[in-house]
Amino acid sequence: MTEQPPAKKKCLGADCENDAGSLQCPKCLSLGIKGSFFCSQDCFKKNWNTHKELHKLASPETYNPFPTFSYTGPLRPVYPLSPKRVVPKSIPHPDYAESGIPGGGRTRSNKIEQLDEKGREGMRKVCRLAREVLDIAAAAIRPGITTDDLDKIVHEACIERNSYPSPLNYNFFPKSVCTSLNEVICHGIPDKRVLLDGDILNLDVTLYHEGYHGDLNETYYVGDKAKADPDSVRVVETARECLEEAIKLVKPGTLFRDFGNVIEAHAKSRGCSVIRTYVGHGINKTFHCPPNIPHYAKNRAVGECKPGMTFTIEPMIALGKYRDVTWPDNWTSTTIDGKRTAQFEHTLLVTETGVEILTARTADSPGGPVPMPTAAA
């Protein structure tokens, strides 16, 4: 317990704001787990029951690929990644499936497509399938399963529906779904990290089916501890409500910049912040295309809703600061202060009179709102 921590390392204690001292978990040292520093013996003892779960993740076959990186929170990647999963050639592939480089979207044109009835039906179908896949994966969430296990479930469910998992090899993303835990804002890469009771997990699923993409995500509680943690419930339910409030505005004539005003006002009313780096996006035959939908107030998004447009709204809400840090894998984005974050997303169709939520939950969808825990008497 004499090794000195890297400069400005934060204590691994839950919700501890102190810098780490020289105290490092002796069990982590024996297992070769680096960076397990605490500010004091008392903080170490207080967090032991949760921290010791990390020891279960360590084995001679797993490792942290970026041991010298200054992580902002307690989460670490658990490598090696499983081999790239295969999509049968009989299933139509998007243009980037082999090259990793999408051919359309933001680099092609700023024009916002308005779908005809054939296009709308194509989007309805793929979004319905995407909802089915997300619900199948969500039903498997439990302490002890790995995020790579969930990736396998998503991949196989896509194949069963004659669909390509859109994230796979999109700009070289290595997996079929994004799994974002705790302080991860978005784009988490599924690996051998075991889910723990008390985690919160976002699953972001997109399918490509018969020429169209359908995109949605939800944040779920892992086990009962997360549902009993006021901060976890606050950030998850605030994110859920922010999306619901924004969708209420969707109709012909609504300005794209207006959504952010409503989202940020609601987030602030719950003591949360809105991530600014990532936005909602147009989606149809192209995975990401115009328009951009910022989620923060006073943004300068140009344009307005018109019938036939399809796009996502997907607010990312944080307990702490809104700024983000990306891991060296060039995908995983985390909060700058290591505090928890949550996100919800729907693909939406602007109709002549309002909005159609193409990825809407069904009566059987796992998850759903959780009330704030009440203090024990």
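A Cβ is built for glycine as well, from the same backbone N, Cα and C atoms used for every other residue.
Taken from TrEMBL, the feature protein binding site covers H187, H288. Around the Cβ of H187 (protein binding site), the number of neighbouring Cβ atoms within 10 Å comes to 20.
Counting only residues at least six positions away in the same chain, the Cβ atoms of H288, C289, P290, P291, N292, I293, F311, T312 sit under 8 Å from the Cβ of H281 (Zn(2+) 4 binding site). Residues annotated as Zn(2+) 4 binding site in TrEMBL: D215, H281, E314, E345.
Note on the domain 'C6H2-type' (8-62): DSSP counts are 22 helix, 6 strand, 27 coil. Look at TrEMBL and you will find 8-62 tagged as domain 'C6H2-type'.
According to TrEMBL, the feature region 'Disordered' maps to 90-110.
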Ordered by sequence, the long-range same-chain Cβ contacts of E314 (Zn(2+) 4 binding site) under 8 Å (at least 6 apart) are N217, L243, Y278, G280, I293, H295, Q343, F344, E345, H346
Would you find the one among the binding-site residues D215, E345 whose Cβ has the most company, meaning other Cβ atoms within 10 Å? D215
So if I draw a 10 Å sphere around the Cβ of H288 (protein binding site), how many other Cβ atoms end up inside it? 21
Please report the distance from the Cα of D215 (Zn(2+) 4 binding site) to the Cα of H187 (protein binding site), rounded to the nearest angstrom. 13
What are the other residues, in sequence order, whose C-beta lies within 8 angstroms of the center of the C-beta atoms of D215, H281, E314, E345 at the Zn(2+) 4 site? D204, L216, N217, G280, I283, F311, T312, I313, H346, T347
Rounded mean pLDDT for the residues that make up the domain 'C6H2-type' (8-62): 78
